[in-house]
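Notes for the one structure printed next.
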Amino acid sequence: MFYTYLRRELAGRRKQTAIVAIGMALAIALVIIVNSVSSGVQLAQASVLESVYGVGTDITVSQAPAAAATPGTGNGAPQRFDFGSADGAAADGTTTISRSRLTAERGTETFASTGLDSVRAVPNVSAAAATLLLSNSTFSGALPTRSQGATRPSTGQGAPSGQSAETPPTGGPDGAGGSSFSVDSFTVLGLNPADAAVGPLSAVTLTAGRSLASTDAGANVAVLDASYATTASLAVGGTVVIAGTDFSIVGLVSAATADSATAANVYIPLDVAQSLAALPGQVSNIYVQAASSTDINQVQADIRTALPAATVKTQADLASSVSGSLASASSLVSNLGLWLSLIVLAAAFLIAILFTISGVTRRTREFGTLKAIGWSNGRIVRQVGGESLVQGLIGGVVGIAVGLAGILVINIIAPTLTAGASTAVQAVGRGAGAAGGAGGAGGAGFGPGGGGFGAATQAATQSNIVLTAPVTVSVILIAVGLAVLGGLLAGVIGGWRASRLRPAEALRSIA
Amino acid sequence: MYQLTNVTKKYDQGKRSVTALQDVTVSIPDGQMVAIQGPTGGGKSTLLQMLGALDRPSSGSVLLETEHLGSSNLSSLGDSQLGRIRATEIGFVFQGFNLIPTLTAQENVETALAPLGGTNAARRERSAAALEAVGLGDRLGHLPAELSGGQQQRVAIARALVKDPTVLLADEPTGNLDEETRDEIMDLLEGLWRAQGLTLIVVTHDSAVARRAQRRLHIKAGRLTELA
């Protein structure tokens, strides 16, 4: 009787069934699409983060830059290049100067590498690796040789000097007393090749040569980011100069994701990086892999306890560092999408409940009659609940179909989003500007105070990510669960109203 | 048999109380056909609801004694117990037929058997037999909307009798029918009453219907009197 009555009611009241089912279907389709796009955005974020932080990195440890004891010093201070009067090579009235500096990347703080031991001692840490992120800046240029004249004092701004008022200026790269300078910067990451299983190099793809090996410790060998190598016209077998020291290029790597950059332009052994940067025993980041995903929060807390001064971030924290349209999409999904889903879902539930209550009211005589012939409250509640549940399930099935179709459309369109990780690789290209003569003894001082003395090499940090909307079993289960929930909710409320009908009053009300 | 003693029923309508039944005392033996007449608002339907275990009196007692049930005071039973008595002992026929519009004639009759359990096949068999008994053996699959008023009331009678009740309560069973159909329905009810030994209580305005009964009761302003 239950199924016969159910089938007849749903078939006999097609309009109500269709409206409730369509409302539920729209809500569930929206939930599926938003959930799926959200998963896609998370995958894209993970992809971006992996290209920078490495596969399997659950936690990163760094240290916030401390305020410099003396203004103008520290990692955040402008770089300076000081030259003495005897520096440079003079020829044909032109003095050529060049100087490289390898310093900790601006905005990062180094800390003792013993922190790595502390992290490894934390329970449920399966792997950890330390790196030192450096910036190699080379200032080079040409200016008129000072011996060309001394009738005018040096301006200290790279201006021609030594030109007499009566004699036209000569020398310099243009032969008329002018000067030209350029600044070339690239990032250098020192890492221990033995720990490459976790950290930046774990996510890259070797495109030429070989990666760094344990035997490379102490050797002047380098692996280059393939994009940077192309930009700088470097190749395996060649040489890259870091802080005035020649390094043999042994390999090229690229990010796993097309068009994205790796964590640094150049990778060298950690001990060599520390030595060249005069930062012995210092690191800037520790990459941590937890034993399992459920341990991540506890490991994060334990590391914070072990290293109180450190900044300890999980992948979820790092996701906030992803910028670009991917971040906009993430924000859109998590805010508008989520709320839209909830509102539509609530509206669908409300429609189902109101229609069920309306149906019960319209069927007062029917339920009164059934009670009069001996139907129990439970039987009537089951009947009303069953009808609502099936309406919800019909909506769920249609909603899943519509949702899957929507996901298919998204995957066919495959929108491309731009993304960048703002914390690990910072744009290092800066124009070099005059910072005033402070060289002493007639020398010149240069710093990145602004201006444009030649183009600096800039690391590409933007990535293009194709957004995909994956379909998971959990999404389908959520949809079915929502359909059942909506149907049950409407059924319980409608059934409750039907059960409260007293047969005598129900029959009297229609007499 | 029914034994009603000092049954009073009051309804609250806003601030005032309306007395629908006033000290009604009456005994109805098994197998009797009784007609209840009276003006609109006199208390006919309320009395029928007391007899049908659809409502409880404000005071007084309603005893129902049947072969299966023994003696039960309907005024003191809970909803579920009253529902059980309605399911097994009492059949109802309403003026408006009260068929479920989405169910076929046979399925409507089956609704009366649903609370009693049993297999689907047994229910189908009994409902078909009940419809056959009221002359609708060829209308089993018809929806109420596909049947005439008289046929719909026949389906309602089949639904009331399919469970073999002790009592059949009919509230204006011919109120929506023309004279010819009225006589057909009353002939049917009377025939079934005689054949099955039911207690048949009919509430009616129609004197032609009331004259068929063995006993006629009149109710006015909630007070019941016996008519000669």
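Glycine is no exception: its Cβ is also placed from the backbone N, Cα and C atoms.
Curation does not apply to TrEMBL; its annotations are automatic.
What TrEMBL lists as compositional bias 'Low complexity' is A:67-96. Marked as compositional bias 'Polar residues' by TrEMBL: A:145-167. The annotation domain 'MacB-like periplasmic core' is assigned in TrEMBL to A:17-305. Positions annotated as domain 'ABC3 transporter permease C-terminal' by TrEMBL: A:340-501. Sequence annotations record features per position, and here TrEMBL assigns region 'Disordered' to A:67-99, A:142-178. Feature annotation from TrEMBL assigns transmembrane segment to A:17-37, A:336-357, A:389-414, A:471-493.
With a cut-off of 8 Å between Cβ atoms, the residues of this chain six or more beyond the transmembrane segment (A:17-37) that come close are 10, 329, 333, 337-338, 340-341, 344-345, 347-349, 351-352, 355-356, 388, 391-392, 394-396, 398-400, 402-404, 406-407, 410, 467, 469-472, 475-476, 478-479, 482-483, 486-487, 490. Counting only same-chain residues 6+ beyond the ends of the transmembrane segment (A:389-414), those with a CB under 8 A from a CB of the stretch are 6, 10, 17, 20-33, 36-37, 40, 348, 352, 466-469, 471, 475-476, 479-480, 482-488, 490-491. Computed over the domain 'ABC3 transporter permease C-terminal' (A:340-501), the whole-number mean pLDDT of the model equals 71.
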